[in-house]
Amino acid sequence: MKLLSVCAIALLAAQAAGASIKHMLNGFTLMEHSDPAKRELLQKYVTWDEKSLFVNGERIMIFSGEVHPFRLPVPSLWLDVFQKIKALGFNCVSFYVDWALLEGKPGEYRAEGNFALEPFFDVAKQAGIYLLARPGPYINAEASGGGFPGWLQRVNGTLRTSDPAYLKATDNYIAHVAATIAKGQITNGGPVILYQPENEYSGACCDATFPDGDYMQYVIDQARNAGIVVPLINNDAWTGGHNAPGTGKGEVDIYGHDSYPLGFDCGHPSVWPKGNLPTTFRTDHLKQSPTTPYSLIEFQAGSFDPWGGPGFAACAALVNHEFERVFYKNDLSFGAAILNLYMTFGGTNWGNLGHPGGYTSYDYGSPLTESRNVTREKYSELKLIGNFVKASPSYLLATPGNLTTSGYADTADLTVTPLLGNGTGSYFVVRHTDYTSQASTPYKLSLPTSAGRLTVPQLGGTLTLNGRDSKIHVVDYNVAGTNIIYSTAEVFTWKNFGDSKVLILYGGPGEHHELAVSLKSDVQVVEGSNSEFKSKKVGDVVVVAWDVSPSRRIVQIGDLKIFLLDRNSVYNYWVPQLDKDDSSTGYSSEKTTASSIIVKAGYLVRTAYTKGSGLYLTADFNATTPVEVIGAPSNVRNLYINGEKTQFKTDKNGIWSTEVKYSAPKIKLPSMKDLDWKYLDTLQEVQSTYDDSAWPAADLDTTPNTLRPLTTPKSLYSSDYGFHTGYLIYRGHFVADGSETTFDVRTQGGSAFGSSVWLNESFLGSWTGLNANADYNSTYKLPQVEQGKNYVLTILIDTMGLNENWVVGTDEMKNPRGILSYKLSGRDASAITWKLTGNLGGEDYQDKIRGPLNEGGLYAERQGFHQPQPPSQKWKSASPLDGLSKPGIGFYTAQFDLDIPSGWDVPLYFNFGNSTKSAYRVQLYVNGYQYGKFVSNIGPQTSFPVPQGILNYQGTNWVALTLWALESDGAKLDDFELVNTTPVMTALSKIRPSKQPNYRQRKGAY
């Protein structure tokens, strides 16, 4: 700790008042921390001006993808995701941390194994990816409770406010998680360059103080006190200016906001609502935070999907490649310097970690699928945009202008937004004025260039903007010292390979394009056809015009080779950095970008490095693929692909070419229906001999829950007793007086929940669920009861996660789970005494490896039978495909072996038949991890991907199912299969399985 001088204390006071330290560099104002102790650490690492961040003194555009490590509980797969994001041209990943998974019991912070952050930091560094850390404490994220642990329902204070009880509840978590993040900061050699306190702190109701500077300052101070010294950034839910620099107490260093402009209506994926394209972001930014780089911390890259929704394939169609072309280029038109796409890889809501508004899959329609595939066209389109930005540092120096329908394009049907450089290059973003238009619009452009104002095309013809498309036309674009006066075709990338320069341009089908280059040399077509191609020299300028074709053309002008491609062809090109060795990939910088090569190779290129006289590529293939290397270093002679020396040819343009043969292995998967299934009745609670004396008594006279007063004599809110996840079971005991004829009960489990009720062994009925219902009131007719006899009501509730808490003051997260009210006809409610259970131990959860949310309250779960090697030898043999003949819950377990060949990434899925018969619910456990909740009558999910590492691809696996029949005729699985999709020949390192502890008898299990 440093003793602060009087001046330093004055600076701290200035910071509290909203001041900042400024100095000038190359005409731009750099902003640094006003705390000199922190500035001493930061000034050479992460600073910023009004244009962009500087990292290690270099101006950098942050192009980032959102990834949640907790949604992929196989740390050895994180590198795969990072490398696929790096291949997009991105340089950063943003991540949330889910508090509920790390502090399942108040005061006990556990971040080990799959939940440890350090391995995430390590692989980010290995992949050359910076990190934006977003640990909350509130994260939203479509996570149960918005990331809040269930025990916060008992906190006597308003959440996300400066209420002392809430602040105290957050202290332990933030102290630990922020300290871990601090160790991973760039100042300590780690990848973390930004930290976000809180999340979408943007609105309030219900008399909550908002914005509450004291609250935000407390969250900021928590982080700083734990060692966070990187700049703090926020994500306002809209352009509200909350907590922007200069707003006073609770202000962040860099203001950012979110935007989901297309909304979440995946049921109508082709509908783009009128007026949803942002047009004022630049103006808003200049009003709210003109001294910081324009930052979009969450911009839409997909959509959530509710229970009963159309499915994530429809969400991927809604936020598709066309969306990316129009909306992301629109973001660039505002001068976005920090752009994070939510989600870039979604993952899975395994182990009950999701909120009630979503199901097991968190695919999100993202560029990377839930199973980590990169087969969606939107991934390829995003790669074009990402690599363009990476190759265009002058973009950050250009000043965004006002959009206009006149002055640049010759038709008002098009809108142009200029980003004008001062001798450093300009960019013109063109879109349809009606952004929803699907028309093909011809146009010409009037462009201000270093050669004067030019109307293009100059050599005849017109340009075309197809429907739901957008283009970035460059002017005075620097390609290693060669000035591209203009190009109407879009830039993918360019490289300087010493003796030659390469520029890759592309256009859409049926388009005509033109470029002008400041060179005196003649034009040569060195590859491809001369047809539909023309050129003309005008003084010291060469003008080239062509029609886009699927066949590649290479045009040479002096030492510049220009590749003219169509969009679908350029999807197969990659720009890996050329690393020094195979141990890690450097962070994106001017140097590493300049050292990159260009590879045409189909599915995926991960890395490239040189060793001795060899060029080594690591790449994945899903088909026999021609491979080309453009710009191989002059000192290498040999080519290795995935470690194998590969013969190649060199053409007249110096391009290496070879072919990688693909022959998919035969993947033999076990038949699920033919496994040796063992069966156990897992609703033993309805048996007349069942003893619940070991169960917790629901005997609280009051509830600490401040949201909803009790409407029962004793609290029946599950979180009051430490049960926050999965299935709940209640047992209500009463002595009949003979007057009881009906039982009315209101249960609450969240959207799409279900419940069933028994009186002794008599099934009374079920609420089978609807997405629209978070709670439901049911009335059941009782069989004849005998006066003086003991009876037990057994109520089973499937909880779907806790509500999020997005609006401050609502305390929605405190919406209880369990029984809200009940009425036994003819009796006072106090005539029933209750017991309840959820997962064994509640907050003293048994399975520290799989975490506090993974298992619920069924008998088999409480015993741990869902784990590998349960004591099933003497259990009955029965199959879930035969199922149950009456209401209840069956537990089925079986083992099987897999022998998936190494060197292949083979996505595996458990598929359920889509039944239209009686309603039932299934939980899928794989090697102890709950990896699926299937609800037959609601859907939409029927296919559940389970990653390698949860599944043992070379070894023994255990699968367990809980089958809950909600209706009187029972239920069975129509079908249940393990299937694979296309095997990918991969360079991915060996996958280490996540820990899968076997069954051990649990002390105190009931």
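Using N, Cα and C of the backbone, Cβ positions are placed for all residues, glycine too.
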Original post:
The substrate site in Swiss-Prot includes N140, A141, E142, N199, Y260, Y364. Which of Y96, Y328, Y408, Y427 is also listed there?
Top reply: Y96
Subject >> Position flagged as N-linked glycosylation site [Swiss-Prot], chosen from N402, N980 >> reply: N402
Subject >> Maximal Cα-Cα distance (Å) across residues annotated as binding substrate, namely Y96, N140, A141, E142, N199, Y260, Y364 >> reply: 19
**OP:** Can you tell me which recorded positions out of N140, Y260, C266, E298, C315, N402 are within 10 A of N422 (N-linked glycosylation site) by Cα, answering none if there aren't any?
**Re:** none
Subject >> Closest of C206, C266, N402, N760 to A141 (substrate binding site), Cα positions, recorded positions only >> reply: C266
Original post:
According to DSSP, does C205 (disulfide bond) fall in a helix, a strand, or coil?
Top reply: coil
Subject >> Candidate nearest C266 (disulfide bond) in space, where candidates are the binding-site residues E142, N199, Y364 and distance is Cα-Cα >> reply: Y364
Original post:
Residues with Cβ closer than 8 Å to the Cβ of Y364 (substrate binding site), same chain and 6+ apart in sequence?
Top reply: A301, G302, S303, F304, F312, C315, M343, G346
Original post:
So among the recorded positions N156, N199, N402, N622, N914, who's got the most Cβ atoms within 10 Å?
Top reply: N199
Original post:
Other than its own, how many Cβ atoms are within 10 Å of the Cβ belonging to E298 (active site, nucleophile)?
Top reply: 23
